[in-house]
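Read through the structure below, which is laid out as structure tokens, and then see the notes.
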Amino acid sequence: MIAQPSAKYPAFAPIRLKDRTWPDKVIDKAPRWLSSDLRDGNQALIEPMNIEQKLRMFDLLIECGFKEIEVAFPSASDTEFTFVRRLIEENRIPEDVTIQVLTQSREDLIVRTFEALKGCKQAIVHVYNATSPTFRRVVFNKTKEEVIALAEYGVSLLVKEAAKYPETDWTFEYSPEIFSDTEVDFAVEVCEAVMKIANPTPEKPIIFNLPATVEVATPNVYADQIEYFCRNISRRDSVIVSIHTHNDRGCAVAATELALMAGGDRVEGCLFGHGERTGNVDIITVALNMYTQGVDPELNFSQINKVVREVEHCTAIKVHPRHPYAGELVFTAFSGSHQDAIRKGLSDMKNQPDQMWKIPYLPVDPHDLGRSYEAVIRVNSQSGKGGIAYLLEEDHGINMPRRLQIEFSRTVQAEADAKGIEVTSPMIFDLFNREYLTKGNVVIGQPISIVEDENGNTEISAVITTATQQYHAKGHGNGPIAALVNALNETLKIDVDVVSYHEHARSQGSKAEAVAFVEMQVESRTLFGVAIHANTARASIDAVISALNRAIAKGWVEVK
Ligand code: KIV
Ligand code: ZN
């Protein structure tokens, strides 16, 4: 990198618009949307879509609710031309959908464009020419007057050709290319000249598309340019201002949103931001940003996984796992504190389902996009106890007491660390099973006799088998657990005690079971035992044995 970038890169001059009003505006309704996936998006693919992919993309766009779709540059190639013909001849365009096509301002191209559209019920023909100073000087060597004349020429050809096909309801669109880099007064001047020829009315407006063909400044500058244009173009009620941003500085979504606040009526873009270089604006993000502010975007992304799949198929480009709203990881929390907050938010929502959506770290309900909560909490070595506890509870009906959550999270983290991988919900259950529910050396046999007198004193007797011996154990206490612990201490000559006991019911399918958790003190340390059994008393007894076996396995206590 050079030491003085200012010697190479001039800063973009701000627009002189002191009384701008857009910063106080909010987006409170959906704009008109135009998908350019089959034109701007397609032209930027390494391998442009074949007909099968184009038809699939077209159907997807209709399913998502687009009413205006730029389908081709029909004079550019036979594939493009044929595709438009197929849409029309095979009656694939729904009544309420208008297709749009692009052409340069050249007679042969415009004539061919109208031929492609023959028989279409309604269509938008989009003509563009370059207006920005760099293009005028470097690319085309044209004066401002020549640029205006080329725009007028193109639009007068649109008017002339359209007259030959009166069965079609025509709309014209004109783009001063690289509007974002064109003197804004000059952009207005060119559009005024075009307007004189097209002669739009409020009933039959012209679309002025104002492209940030290249994003050259911060989004507020584009918003100023749009507000300036909207305030200075005449016959504003006969003009639809279309916003068309590219993402060179990574701000296309922001630029589009500010431009809507500044007066834009319509948004052109592509699904997942496909398009030249860094792409066009991602329409999905703009639409769902509206949705999460309580505004109906009038587009349907309720099956976002299907949209991802279809777009990946048609473009042969993968959607990034962190792509807003749609990426595989965007509803996923790995960090313990995030998981904890989400877990609390979800359970708060469950308890008060009528409240407005407010879940920490989740700006949108995954269900609204056809995603589940399954992937929300995922566990790796960075995760804390909250996520692990959530998955065990949600997927396996095991609601661990807090101190057990801390204890078990060490086992899971050790596994994640050792293997360097994500630990999935089935893996967590497997670890839990291995750690707490698998039989150890000490086994308590059936039958177990538990006799309780009228004062609540309990006597327990059972056969206890260790690795080397079998004992007939007997113990007394103020409940089965205390009686068993006393029996173990006396029979096995150990010194263990119960610190806490929890249990809850768990239903898995048609089975109802009890899950028992016993926290035991062994020497000066504590650890948990867990058991699941159809019989609650048996679950509590097995949980004590589970804790004892774990203590033996750790070498905290020795049993003959
Ligand atoms: O980005 C752009 O300027 C375009 C034009 C053809 C409108 O896509
Ligand atoms: Zn573009």
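Note: Cβ is positioned from N, Cα and C throughout, glycine not excepted.
TrEMBL annotations:
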- 31-305: domain 'Pyruvate carboxyltransferase' (DOMAIN)
- Asp40, His244, His246, Asn280: Mg(2+) binding site (BINDING)
- 439-560: region 'Regulatory domain' (REGION)
Neighbours of Asp40, His244, His246, Asn280 excl. site residues, C-beta within 8 Å of centre, Mg(2+): Ser36, Pro211, Ala212, Thr213, Thr245, Ala252, Glu268, Gly269, Cys270, Gly275, Glu276, Gly279, Val281
Three-state secondary structure, which DSSP defines for His246 (Mg(2+) binding site): strand
Local backbone state of Asn280 (Mg(2+) binding site), from DSSP in three classes: strand
Integer average pLDDT (0 to 100) for the region 'Regulatory domain' (439-560): 93
For His244 (Mg(2+) binding site): intrachain residues, at least 6 apart, with Cβ closer than 8 Å: Ser36, Ser175, Asn209, Leu210, Pro211, Ala212, Thr213, Val267, Glu268, Gly269, Asn280, Val281
Structural state census, the region 'Regulatory domain' (439-560) (DSSP three-state): 31 helix, 56 strand, 35 coil
Candidates Asp40, His246, Asn280: member of the binding-site residues with the richest Cβ shell (10 Å): Asn280
